[in-house]
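Participant: Pasting the relevant annotations from Swiss-Prot:
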- 1-16: signal peptide (SIGNAL)
- 63-69: disulfide bond (DISULFID)
- 67-76: disulfide bond (DISULFID)
- 151-171: repeat 'LRR 4' (REPEAT)
- 242-265: repeat 'LRR 8' (REPEAT)
- 270: N-linked glycosylation site (CARBOHYD)
- 290-312: repeat 'LRR 10' (REPEAT)
- 311: N-linked glycosylation site (CARBOHYD)
- 321-354: disulfide bond (DISULFID)
């Protein structure tokens, strides 16, 4: 009986599935990464073992020491690395090198990585990138290189690039031509750099069809000129912008979210907001406005307005909603006016006649 049990145990071990490492890193990527994982996991059903010729195991790329490799994802984060690891697997699609001490990206660091889809190299000490370092990466769509010591935007970025996150570096200049040929790019995050208006050269964004641009926490004194007219979201929070003039927003007809909070804005010229007919969300909190911006009643799709923490002393009955029989196509679902020196008990109820719910109005915290 003992022999029989031993034989059964051996048979179970022989036919057991190989160990599969799971869940070592749940990197939140888009549908592109999910598709790559599905492709890796897909099969065509069981194949009789007798039909498979014995040709030996194919050569395999070794995982760099200390890294973890799984489903073409190579994770080398938090290892104290001072340079890009050598001999990375050639089929790598996602390379994570964040939270290391890498200081430089050399010419051949990514040689052979022709299938790389995303490179995450956030929070290192990179100050130098060879002009030809990205040449092999002809399929790369996402480059996350924030929190480094870069003083300029890398040159010769892959033409396939869709998303660039380069915030919290030391970049002071966006030269004309640095984004040349990047026709697929739709998202740039470059806040937290010491950028001034004069540092953005005329034509720097020419040819780009961006949907999203963030230049927050910089040193901008006004809304930059010549940004892509295709923008859906523009975030310029935490700068030093003092005024919005009529022509500043004249080319952004597709904009539906505008972030201008935490600036020094005192004045918004009449008609400035009329160029954005599809705007849905407007952030003007933490500025120095003394009144509600003109033109809000004419914005048929506007739903959210942040005006808290300003110097607004009065709110008129027609400051938000259309006059008479004018109709909004979308009612407000969020208006914030708290922390202003306006006596909220003096505001007429009809002021908010085009708000979906009274709970959507954030008032109170009266500031003298």
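Cβ atoms here come from the backbone N, Cα and C positions, even for glycine.
Given the structure is predicted, the values throughout are model-derived calculations rather than measurements.
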Participant: Looking at the recorded positions 63, 69, 76, 270, 311, which has the shortest Cα distance to residue 321 (disulfide bond)?
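Facilitator: Considering only the listed recorded positions, the nearest one is 270.
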Participant: Determine, using Cα-Cα distances only, which of these recorded positions is closest to residue 270 (N-linked glycosylation site): 63, 69, 76, 311, 354.
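Facilitator: Result for residue 270 (N-linked glycosylation site): the nearest of the recorded positions is 311.
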Participant: Once the chains shown are all counted, how many other Cβ atoms turn up within 10 Å of the Cβ of residue 354 (disulfide bond)?
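Facilitator: Its Cβ shell of radius 10 Å holds 17 other Cβ atoms.
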Participant: What does DSSP assign residue 76 (disulfide bond), in three states?
Facilitator: coil
Participant: What does the structure give for the C-alpha distance between residue 76 (disulfide bond) and residue 69 (disulfide bond)? Integer Å is fine.
Facilitator: 9
Participant: Please name the residue among the glycosylation sites 270, 311 whose C-beta has the most neighbouring C-beta atoms within 10 angstroms.
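Facilitator: The residue with the most neighbouring Cβ atoms within 10 Å is 311.
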Participant: Which residues in the same chain, at least 6 apart in sequence, have a Cβ under 8 Å from the Cβ of residue 63 (disulfide bond)?
Facilitator: 69, 74, 89
